[in-house]
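Engineer: Take this structure first; my questions come after.
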Amino acid sequence: CPIDVEEPEKAAAAGDAVKDAVKETAAPASKVVVHKSNYEKDVVYLYQFSRTPLLPSISPFCLKVETWLRLAGLKYENVDHKLKYRSKKGQLPFIELNGEEIADSSFIIKELAQKFNRDLDENLTDEQRSISYATISMIENHFAWVIIWWRSKYPEQMLKAYKVDLQHALGIRLPNSFLRFAFRYFFGRKWFQSYKKVKAQGIGVHSAEEIVRFGQEDLQVLSKYLSDKPFFFGDEPTNIDVVAFANLAQIYFIDKDVPFSLREYMTENCANLVGLVNRMKERCFPDWDDICANLDMNSHLPKPQPVSDDKEEKEQCKDEKEEKEPADKEKDVEKDPADDKEKAVEK
């Protein structure tokens, strides 16, 4: 699926337009800026990618942090920044807590777990912690790169796979057809850099068939270790379940009309992993459908209650009564006392 760039001059202008639109309000990655100045104490402000109609985040690292926050029961709020900001390390996700930035998903979870005493692995043995660490490393430093390879090789398929609305994601009021055209060219120019990263990691030097095979082998390792347990270490989810869910969701929730061999392999050969994904989804994201339907960044937060018609009518009558009372008092004041005397004489 080669990247086809038609009319390069128009495409270049389109790509630059998208870049400029994002850059105009973007904070430089090297300068640490607290964006949420009116923060609430001990509330975690999460900066991540925008929602999609198929899953809350197309970044496994962003989904990892939000899933952990929900399992840990911490109060948090997503900041809908339309991809304008990056952390001091140039990454998403990052959080702001009490006026300070914490970057990188692993550091975020580690620091929050220490500060709020929310270690999901607290009941694990040393051996289980070692297994968890090694498995998470396999997922994030090997399996995740298989997904990155596929996305960088087939960028247009990626947009279709997650039904990405560029207009919504970037907060740019340009037609989606134009933005997709610009994305195709812009990503085409950046593809070589992405390819170099995938190649430098080691995955990219192999053939497509070999890379897919790597992904299948990783899925088999996870499936065999999970076995028939609800979660990797028993009845309650731990950090390994969070990371596995965040990455497996990236392939399981791809649009069914978009062919993706790893999804087919998982559904056909690793049914227990599909079960894990669904259990984590139901436990951590009971509002999943609302998130995907409305692209709501904060569907977990209580919304203002709409005022009922009866209540509105009562408040309106009350306001009218309050307006009428001063008017009646003014009439009494303006009334001439001589009028009362004249009426008495006539009687």
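From the backbone N, Cα and C atoms, a Cβ is placed for every residue, glycine too.
TrEMBL feature annotations, pasted as is:
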COMPBIAS  308-347  compositional bias 'Basic and acidic residues'
DOMAIN    60-155  domain 'Thioredoxin-like fold'
DOMAIN    216-280  domain 'Metaxin glutathione S-transferase'
REGION    300-347  region 'Disordered'
Engineer: As a test of reading the model: what is the averaged pLDDT for the domain 'Thioredoxin-like fold' (60-155)?
Structural biologist: 95
Engineer: Taking DSSP states H, G and I as helix and E and B as strand, how many residues of the domain 'Metaxin glutathione S-transferase' (216-280) are helix, strand and coil?
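Structural biologist: Tallying H, G and I as helix, E and B as strand, the rest coil: 44 helix, 2 strand, 19 coil.
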